[in-house]
Amino acid sequence: MNTLLMHCRPGFEGEVCAEIAEHAATLEIPGYARSKPASAHVEFVCQDVDGAERLMRRLRFAELIFPRQWARGPGFIELPESQRIEVLLEELASYPVCGSLWLEVLDTNAGKEVSTFCRKFEKPLRAALVKAGRLQEDLALPRLLLTFRSGREVFVGLAEPRNSALWPMGIPRLKFPREAPSRSTLKLEEAWHQFIPRQEWDKRLAPDMLAVDLGAAPGGWTWQLVNREMRVTAVDNGPMAENLMYSGLVDHQKVDGYQYRPRQRVDWMVCDIVEKPARTGALIETWIGEGLCREAVVNLKLPMKQRYAEVRKILQRLRESFDARGLKVAFGCKQLYHDREEVTCHLRRLER
């Protein structure tokens, strides 16, 4: 199992290659990354047979920025038109017993077509794996991840459930709320799922908390905050959705989001303003560094080139700034499924 397969947003294969190559070099695990443009996946081929397993053991998936999902295996294998299950059982003879099964596809138009096949194929495959003793429900065991590039080509991979994506392919199944004024609302909801353990939501996303939404109009992110019954200052020169204003929980301030400062410390600051990432990074530095908020979710809009390098530079500058202030800050940064040419950062100021 010398190959690490990583899913990603189409068009960001280069960022995944740069990110995993940097980590592998730091960990002294030799190998090379390969991908095709807009293929929505990257393979990192290790020189050592156990290289992919060592990478997954040494890295925390949650700390990777651009990969949506990962799995280790020997590479893609071909399947016949018939007797696919028999071929897979033969391939899995050398694998450990697995505790769960996910059938995955790539986030491409071809992948969407393959998903129909996967839905039909999963039930008989699961039954065959259980009967053969290759699958039993136990989250302490590795997860079997089958990534189908077509009905005839599959990557037979493994990953630890607690060190891989929260959802198949890293894609959450979130329902767009009809009352929300824009689809951007799903970005903030996904960020909460990604960065905040579900059992902590009632404490960290509690009613009557104070929140500021910078660049709020028309109110997609504000809707999520109001839905949690927070008191929100919506900062934007543009108009807010009327249903949000009728809630009685929103104070609309028509000022520049980058100039606004709250009169008192707030629990949450969220920001989805289209601006150069360096300027947004400086905004994060001010709000967290000066104690204007306890937690923040902020989107960094990325340039067309050197996107991974730009994100790394901003995160490094933030860490250095907070260290110089003597602050303890928890970081998270991920390109979420609902993100486009951007990444989402979560920061939480901790008490020393």
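Even glycines carry a Cβ here, placed using N, Cα and C.
According to Swiss-Prot, the feature active site, proton acceptor maps to Lys301. Swiss-Prot lists Ser184, Ala217, Pro218, Gly219, Gly220, Asp236, Asp256, Asp272 with the feature S-adenosyl-L-methionine binding site.
Rounded to the nearest whole angstrom, the C-alpha distance between Pro218 (S-adenosyl-L-methionine binding site) and Lys301 (active site, proton acceptor) is 19. Most Cβ neighbours within 10 Å among the binding-site residues Asp256, Asp272: this distinction goes to Asp272. A straight line from the CA of Asp272 (S-adenosyl-L-methionine binding site) to the CA of Lys301 (active site, proton acceptor) spans 9 Å.
Here the Cα atom of Ala217 (S-adenosyl-L-methionine binding site) is found 17 Å from that of Lys301 (active site, proton acceptor). Nearest in space to Lys301 (active site, proton acceptor), taking C-alpha to C-alpha distance over the binding-site residues Ser184, Gly220, Asp236, Asp256, is Ser184. The secondary structure of Gly220 (S-adenosyl-L-methionine binding site), as reduced to three states from DSSP, is helical. By a simple count of nearby Cβ atoms, those within 10 Å, the most crowded of the binding-site residues Pro218, Gly219, Gly220 is Gly219. Under DSSP, Ser184 (S-adenosyl-L-methionine binding site) is assigned to coil, being neither helix nor strand in the three-state scheme.
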